[in-house]
Amino acid sequence: SKSSEEIKQQNSELSEKVHSLVSKNSAMKLDMEDLHKKLEMAELMIQQFSNQAGSLDANQQLQMALEEKASLETQVAQLSESLHQLQAERDQYVEKLKEERSIWQQRVQQLSEQVHTMAEEKEKHMAQIRELEANVTEL
């Protein structure tokens, strides 16, 4: 039962980690969507600036917009990589939970079979005791 409690505790901790990873995953997805929107805005600004006549101020703004676009693309790539890592980690935790569940189901089945076997043996021994008591009484 101590092992069972320890496994329950481990399962609980792993479940909490999975829920935490799922929450992080959702937050990162929202961040990624926000960055995609910013990237689209930057691209629109670039198109607007590139359509205008080439004044120095517009060129500076265009350069800044291009730099912001590059920065946002880098952030999107980093968030995508983090998202993939979190998903892989979550999948590993889920797989580990499944494996542990299977192991404990097998263990419970084995213990159940042992209890059943011991109950049968007890019943046989009780029958032998009754038979021996009857023999002793007869003698």
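Just so it is clear, glycine is given a Cβ too, placed from its N, Cα and C backbone atoms.
All TrEMBL annotations are machine predictions without curation.
Model, not experiment: these values are computed from the prediction.
Features as listed in TrEMBL:
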REGION    1-20  region 'Disordered'
COMPBIAS  1-19  compositional bias 'Basic and acidic residues'
COILED    32-135  coiled coil
DOMAIN    78-139  domain 'Golgin subfamily A conserved'
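Cβ atoms under 8 Å from those of the region 'Disordered' (1-20) belong to residues 90, 93-94, 96-97, 100-101, 104 of the same chain, restricted to positions at least 6 beyond its ends. Secondary structure of the domain 'Golgin subfamily A conserved' (78-139), assigned with DSSP and counted as helix (H, G, I), strand (E, B) and coil, comes to 61 helix, 0 strand, 1 coil. Note on the compositional bias 'Basic and acidic residues' (1-19): DSSP counts are 18 helix, 0 strand, 1 coil.
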